[in-house]
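*Asks:* Input: one structure, supplied below.
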């Protein structure tokens, strides 16, 4: 009897350029955390974060490869293209962060006091961590939206920027909880409200895109996202003005780092990190707005 269905296994999931990139991600990720767990070692919050990144990305990558190879993704209530594009961007950001943090805190030139074998394992883990980042960045490059191509929202520049905006907001939150003293002034509390509101709405936009529920909304999703992005730009402009004034102006804060401030536990350092990444996110939202306006409205005229 002749089969009336298509092939049960999708070989393109592992033979296409994107499939090969994912196989490399799986290989590099497994190698990295194996080297660290076997002999390289890790400690403190920085090391735990790196191990989480490598194991989390490895698990999700295996899940994606399995689903695409067996066609199981068609049974999931997800917008698969949006999910894979969003994860690839997130994994790129997480892996580059881990690739910087691990060698910064755990790799040294000399053997003392950890021993040469441990040092070599840590150097090897750092190399594979860098290769892991390259593999995820390659997937983002291969799957990003091309001009004139109909693709998933999360594969567009606007969608990818949403992931970066949320990631930068997480860095801001991390600095906020590290004794940033944001509660001293109502103005800095307003800035925290701006960061929180924009982060929550951005995550909601990503969630609706990934779950494929945008068609169920009673309002036009893409136009609403552009309007929100415009509002986010205005909110971040206010935070970009208010935060430096109330943290670094001599009337409210300290223009220079206090000399007696302990390294790693200095509120001034946290305030500086927040100020820097506030401007980073402001730039990201401006780029997002410019791209969304040009692509989604002008192109339809």
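Here the Cβ of each residue, glycine as well, is placed from N, Cα and C on the backbone.
Pasting the feature list from TrEMBL:
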DOMAIN    13-148  domain 'MARVEL'
DOMAIN    153-297  domain 'MARVEL'
TRANSMEM  44-66  transmembrane segment
TRANSMEM  78-101  transmembrane segment
TRANSMEM  121-142  transmembrane segment
TRANSMEM  154-177  transmembrane segment
TRANSMEM  192-218  transmembrane segment
TRANSMEM  225-246  transmembrane segment
TRANSMEM  272-291  transmembrane segment
*Asks:* So if I exclude everything within five residues of the ends of the transmembrane segment (154-177), which remaining residues of that chain have a CB under 8 angstroms from its CBs? That is, six or more out.
*Replies:* 81-83, 85-86, 89-90, 93-94, 140, 143-145, 192, 195, 198-199, 202-203, 205-206, 209-210, 225, 270-271, 273-274, 277-278, 280-281, 284-285, 287-288, 291-292, 295
*Asks:* Six or more residues out from either end of the transmembrane segment (225-246), which same-chain residues have a Cβ under 8 Å from its Cβ atoms?
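*Replies:* Cβ under 8 Å, 6 or more out: 158, 185, 187-188, 190-191, 194-195, 197-198, 201-202, 205, 252-253, 271, 274-275, 278-279, 281-282, 285-286, 288-289, 292-293, 296-297.
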*Asks:* Any residues 6+ beyond the ends of the transmembrane segment (272-291) with a Cβ under 8 Å from its own?
*Replies:* 156-158, 161-162, 164-165, 168-169, 171-172, 175-176, 180, 191, 195, 198, 226, 229-230, 232-233, 236-237, 239-240, 243-244, 247-248, 257
*Asks:* Tally of helix, strand and coil residues over the domain 'MARVEL' (13-148) according to DSSP?
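*Replies:* Across the domain 'MARVEL' (13-148), DSSP assigns the residues as follows: 113 helix, 0 strand, 23 coil.
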